[in-house]
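Some notes on the structure that comes next.
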Amino acid sequence: MSQNSELRQSFIRFAVEAGVLSFGEFVTKAGRTSPYFFNAGKFSDGALLGQVAQFYAKTLLDSGVQFDMLFGPAYKGITLASATAVALAGMGRNVGFAYNRKEAKDHGEGGSLVGAKLQGRVVIVDDVISAGTSVRESVELIRNAGATPAAVLILMDRMERSGNAVDIGERSAVQDVQAQYGMPVVSIANLDDLLGYLDHAGDPALAGYRAKAAAYRDKYGVSAVV
């Protein structure tokens with residue numbers, strides 16, 4: 001197993017143990033019945049957040065993406081980007097980070113942006129990409145500030161076609177972002193990694209979800225984003 005594969009499998013295992021990645025029967029926002037659910041909101045204490053940040057930082061450095069700073073879209077991205085900046089500094093790569101407010105302030109420092117000045121090549125840090133709305137807003141903010149969106153860094157790529165349970169699109173939200181903005185989307189792990197984890201989990205209860213996850217992949221899935 002390559003070092004990158006080990007990192008991805010380590011993240012899946014960590015997410016399962018933290019209760020962030022769970023198995024059962026879940027209805028997604030698109031109305032699809034999924035055999036797994038990824039809830040990044042459960043990374044809710046200092047130790048878990050610190051570990052997540054390490055995964056983000058290592059994945060970003062290993063990706064080869066050239067970057068000068070990080071941007072965290074409100075709200076989840078704020079914590080994720082700031083924690084990742086701390087982890088990067090611990091790895092010898094100290095960069096600035098910024099985030100946006102949902103509502104601009106008209107007093108104090110004012111405006112909708114907080115943190116380091118947006119400049120150079122900016123990596124957008126978020127948990128997942130669903131409809132791509134957060135990415136679109138982030139790209140606009142970054143470009144309007146005179147900086148360049150360099151990549152999007154996410155926790156999990158579901159590798160799932162857009163649409164709903166009946167109308168299934170040709171591409172995933174991640175692929176749409178890459179095509180529209182011409183920048184890479186880097187994920188710590190994806191659905192293929194989840195299937196690999198279930199193959200070797202050694203837990204009969206988990207192994208039972210492997211066939212369901214594979215069937216879901218066959219129906220709604222797309223090829224992995226490289």
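Here, residue 1 is simply the first one shown, and the rest follow in order.
Glycine too: its Cβ is placed from the backbone N, Cα and C atoms.
Computed from a predicted structure; not experimentally measured.
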For the orotate site, Swiss-Prot lists PHE37, PHE38, ARG158; sort out which one of SER10, SER63, SER130 goes with them. SER130
Cβ density check for THR133 (5-phospho-alpha-D-ribose 1-diphosphate binding site), other Cβ within 10 Å (all protein chains) comes to 11
Going by Cα-Cα distance, which of the binding-site residues (PHE37, PHE38, SER130, ARG158) sits nearest to LYS102 (5-phospho-alpha-D-ribose 1-diphosphate binding site)? SER130
Measuring Cα to Cα, how many angstrom lie between ASP127 (5-phospho-alpha-D-ribose 1-diphosphate binding site) and PHE38 (orotate binding site)? 10
